[in-house]
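Enquirer: The transmembrane segment annotation in TrEMBL covers 69-89. Per TrEMBL, the feature Mg(2+) binding site maps to ASP125, ASP224, THR226, GLU366. TrEMBL lists ASP125, ASP371, HIS375, ASP414, HIS415, HIS530 with the feature Zn(2+) binding site. For SER173, the entry in TrEMBL reads active site, phosphoserine intermediate. What TrEMBL lists as compositional bias 'Polar residues' is 666-683.
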Amino acid sequence: MTTRDSNGQEPLLARGPASDHSGDLEEEEEEEDALLTGQRTNKQQRQRRRQHRSGASTASVVRSRWKEIGLFVWALVATGAVVVLGVVYQHALSWGPAGSGSGSGGGGDGARPSGKRNLIFMVSDGMGPTSMAMTRSWRQHTEQVPWDEALVLDEYLIGQSRTRSTSSLVTDSAAGATAFSCGLKSYNGAISVLPDHSPCGSVMEAAKRKGYTTGLVVTTRITDATPAVFASHVRRREMEDGIAMLMVGATHPLGRMVDLMLGGGRCKFVPIGSEGSCRNDDVDVREVAGDRGWNYISTREEFDSLGTEVKLPLLGLFAHDDIPYELDRQYQNATYPSLEEMARTALDALSVATKDSDQGFFVMIEGSRIDHAGHANDPAAQVHEVLAYGRTVAAVMEFIKHSETPTLMVSTSDHETGGLATARQLHSEYPHYHWYPGVLTNVSHSGEYLSREYHAHLSSLPSASTLSAALASSENTKTYLTTLIADSLGIHDPSDQELDLLLQRPAIAAYVFADMVSRRAQTRWSTHGHSGADVNIYSSDSRAARRLAGSRENTDVGGFLRWYLDLEEEVGRITDELRGYMGVSTGAGDTSWLGSVPGDDERLDGQDHLDHYAGDHRRREVGGEGCEQIVVECRQSPVANEHYQTSVAEPHNHQPLPADSDLVTFQQEQEHSSNSNPFTPNTGDKDEDERDGTCDSARASDCGRPIMDLIATSPEPAPREQQAAQHAQSRYEALVAEQHQLVEKVEHIGRAEMGRLHEAFLRARGEVEGTLGEK
């Protein structure tokens, strides 16, 4: 510190700050003193101290440098570790949830697991991405959950599947499911048969041969296309009589390939002539199965008494045809088990059966009627089917969580049905961006259910022998319909056009009821058939199923099933064995167990459309100005108690009306704009959905109009005599249908009753002709 005098000034000879040379000055002074006094200096000692300080300083510097290097390396390693962990975390997120514990899919990071394992393959038949979106929005609206509240399946999405078949860009269930069972593409209508009409070994057959226990759980007929491909082989999917025999192992060249079957379709196992049969022969497949060791149950009570100690093989058929839609089944729970209940029972039974075996089980579980709701264009029915499928997935996940055996679930759809859009433009003006799930919330029954109720009402009406009686019956029926629609659909404003269409076209009632809901909810369907849309793939363990991530062909799904169970070689061996039996006859004539080879012009798809009756057959004709129309030939179904059926004759100059199975398109055929056919209502254009129905070259694009367009058509006001003619025609059609039914049952009625019916028929025809003559 610098010293200052009393005036604050520094002294002239003030000592400056110590410099690096201060030590040298001290040494010089010490040497001078030593010369004067003759004493020795401490120079050597000071040099040693200086060298020591210099060494200590160098060591300190070295230690400091190494410390800095160490900190740098540590920071670099820590940064790298954080980056690596972040990448791993993001990778895990991108792959979704991964299984853990003994119940996961095993074989982490996509490696095939070794040892015992279970595979649960789930099929959401006909469910596309829009079905999920519609159901998600419906649930958020109905349950008042947040907008980001997802469905159960959403958590397990890993990819999408492309669905075309070899014969079409739009697959049917047979070809779509064959891609799963065989891992190969085929033509629409093929049941585990290839385009050259030879059989291909299925993954379930290979699994059975390798010691796995196998099962099928569905809500449709157990002989329908999707379950059929896993345990049978036929060249035409409609060969369900033969499929039933193959599935129980009676005619399968390799014997029984499945251990458990739960679902509907009892009529295909009951011989012709027996109550509830839809077979074309006198074979009782239930007895055939019993002789081969099958345990058979058919009631809810028998199902509930199964418990977990199920004796296999087990055949459970709980409905004559399909199990009702979940929307309707919930009111009939005492009669029909749900998909979730059947799945839980099947999983428990298969788990117990394989507890002490070296191999696990392979089961296919199908949400079958999602597809049917799409065919019917019924949004409310489809929402409840998707929700029921989601509850089944949740039950499967619960089973996997507690399973002691590594278990994997894979879920996908064979195709999308209906071309669903959660949007609908009703008028020519630019639309608002809306759709209304609240409309579906008010619906308590499906269009199919309402149609059957309506037909039951019509069949209960007394015969109208006069025109005035027919008109009175029509008014009463209109009141009945108004009440039915309000109670079951929550619709209190049915239009005159909708009611008139139901009165004039009862055969298409299921579609009319469904479209009343769709229009008000502003949901749109582009077809009553399938579409070519991609469908989603889900898995319980995204790492185990990483081979299915991204966009895949449907055959990749089938390939994965074989790969996961290590069955590739066995599938090949089974294929070779089956082809060795191709020339073997079933014993009924010269027909192969595969069926005859289809002709090039045969249409083999579309056999699982919902609103049709067992035994219906379709043909296509050309009429009018070259426009194609659908014509239906109906045979009396032996299941008449469950399915109302009409058969319409074609009088002179009368257009045949479409039946329920054939409203893929409805063709109004008017050869003259003056409406020379009084039984075809006039139409007028009101918005872009409406057409004049004329089938000519100028309006060729209007041919094949969907039913929703027909409903949008508003008939022009008609004079009373024309209305009378229309109502008389409706009664005339009913009498014709009754006559055809009685003709087929002529052995059960007397000649007098036939005469009475014929007289009523002639009177109705005379009234129609008289009305036309007066006009």
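Note that Cβ sites are derived from N, Cα and C of the backbone, with glycine treated the same way.
Keep in mind that this is a model prediction, so the values were computed, not measured.
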Enquirer: How many neighbouring Cβ atoms, not counting its own, are there within 10 Å of the Cβ of ASP224 (Mg(2+) binding site)?
Expert: 29
Enquirer: If you measure C-alpha to C-alpha, which of SER173, ASP224, THR226, GLU366 (recorded positions) come within 10 angstroms of HIS530 (Zn(2+) binding site)?
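Expert: If one measures from the Cα of HIS530 (Zn(2+) binding site), the recorded positions that come within 10 Å are SER173.
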Enquirer: Given a separation of at least six residues and a C-beta threshold under 8 Å, show me what packs close to ASP125 (Mg(2+) binding site) in the same chain.
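Expert: When sequence neighbours closer than 6 are ignored, ASP125 (Mg(2+) binding site) has SER173, THR220, THR226, GLU366, GLY367, SER368, ARG369, ILE370, ASP371, SER413, ASP414, HIS415, THR417 within Cβ distance under 8 Å.
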Enquirer: Give the number of CB atoms, excluding that of the residue listed as 'active site, phosphoserine intermediate' itself, located within 10 Å of its CB.
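Expert: Other Cβ atoms within 10 Å of the residue listed as 'active site, phosphoserine intermediate': 32.
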Enquirer: Do me a favour and check the Cα-Cα span between HIS375 (Zn(2+) binding site) and ASP224 (Mg(2+) binding site); whole Å is fine.
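Expert: About 15 Å separates the two Cα atoms.
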